[in-house]
Amino acid sequence: AEHQHARYNPLRDDWVLVSAHRVKRPWQGQLEKPPPEDVPRWDPNNPLCPGATRANGEVNPQYEGTFVFPNDFPALQPDAPEPDDSDHPLFRAAPARGVCKVMCFHPWSDLTLPLMSLPEIRAVIDAWAELATELGASYPWVQIFENKGAMMGCSNPHPHCQVWASSFLPNEARLEDRTQRQHLSQHGVPMLLEYAEQEARRKERLVVENADWLVVVPYWATWPYQTLLLPRRHVCRLQDLSDSERDNLASIMQRLLIKYDNLFEVSFPYSMGWHGAPTGPYLEEDCRHWQLHAHYYPPLLRSATVRKFMVGYEMLAQAQRDLTPEQAAERLRSLPEVHYKKRAE
């Protein structure tokens, strides 16, 4: 807790430097602006709102729950041409095709996931599973991810996520596939199933738990309040979850995200994403080494205005963090589970 040391991340096969004493240093760096609190519930000029016109001229329906539509500015398209053959091994290119979708969580722009009801969050989970099944029928990888807050590059405050399906396994997926496969081969148990059992027993990095799920600040966490959301049973893909597991997932997501908001009493920015076994042609293969999980990567370090920057040593050497995962977990664990905006109600 007091002295620097390195911790191994078996999921990424790399190391993180933990330097807990650095959190005591005075801060004279950049201060961020807290997110706006006055987001209008409905704005005709917001392209994600019900009834609004998007950039391509299409008008959104008057949706009342979740709403999925093709991204108007997709990073992947299904009909991209083949790249030219390379004339040298140092200049290789490969085909990259896919589809990109946007999913609005709720018709109201001022309602984030922690402020939504459990049935509304469950509807989001069901829509995620539906998209994972639909796109995963043909694409090897379906990446569901949410960027929340301008600090994480989110260009629109309306509660939404993105779903990108690709004709290839992205770098993080290939890396996690290799490390989990190796762990199962060497130890006879899926890595993250064993890890969840260990963390449930040790409890020092546990944030919240219920009958089907637990959330921990992982032993190897890089971001200050990074968390890992894990199922208790062996499950490979989001679409494989039972009804009760989906209900308990909605509950534990709400509890975690309320704690995040309560930490600095601000709508907490983060990037989150689901990782599960590959799909498409991999549906016919043995993927027992995979365990479904979600990563949450929040940047805030000391307050609503002080963030952790991944620069310098982190970019050129290896990841480094200033407070221990145990300290971060204790702070999150001790926070109330009633949202700060609702305490006066």
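Each Cβ is built from the backbone N, Cα and C atoms, and glycine gets one as well.
Since the structure is predicted, the reported quantities are computational estimates derived from the model, not experimental observations.
Taken from TrEMBL as is:
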{"type": "DOMAIN", "residues": "3-170", "note": "domain 'Galactose-1-phosphate uridyl transferase N-terminal'"}
{"type": "BINDING", "residues": "22-25, A55, 71-72, N147, 153-155, Q162, 308-309, 313-314, Q320", "note": "UDP-alpha-D-glucose binding site"}
{"type": "ACT_SITE", "residues": "H160", "note": "active site, tele-UMP-histidine intermediate"}
{"type": "BINDING", "residues": "E176, H275, H293, H295", "note": "Fe cation binding site"}
{"type": "DOMAIN", "residues": "177-343", "note": "domain 'Galactose-1-phosphate uridyl transferase C-terminal'"}
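Recorded features from TrEMBL, shown on the structure.
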{"residue": "D72", "record": "UDP-alpha-D-glucose binding site", "contacts (Cβ under 8 Å, 6+ apart)": "P47, R54, A55, N56"}
{"residue": "C154", "record": "UDP-alpha-D-glucose binding site", "contacts (Cβ under 8 Å, 6+ apart)": "N147, K148, P269"}
{"residue": "H160", "record": "active site, tele-UMP-histidine intermediate", "contacts (Cβ under 8 Å, 6+ apart)": "L48, V102, M103, C104, F105, E146"}
{"residue": "E176", "record": "Fe cation binding site", "contacts (Cβ under 8 Å, 6+ apart)": "L11, R12, H275, W290"}
{"residue": "H293", "record": "Fe cation binding site", "contacts (Cβ under 8 Å, 6+ apart)": "L192, L228, L229, L230, P231, W274, H275, G276"}
{"residue": "H295", "record": "Fe cation binding site", "contacts (Cβ under 8 Å, 6+ apart)": "Q226, T227, L228, L229, M272, G273, H275"}
{"residue": "K308", "record": "UDP-alpha-D-glucose binding site", "contacts (Cβ under 8 Å, 6+ apart)": "W223, P224, P299, L300, L301, R321, D322"}
{"residue": "E314", "record": "UDP-alpha-D-glucose binding site", "contacts (Cβ under 8 Å, 6+ apart)": "Q320"}
Taking the centroid of the Cβ atoms of E176, H275, H293, H295 as the Fe cation site, which other residues of that chain lie with their Cβ within 8 Å of it, listed in sequence order?
-> L11, E172, L192, L228, G273, W274, G276, A294
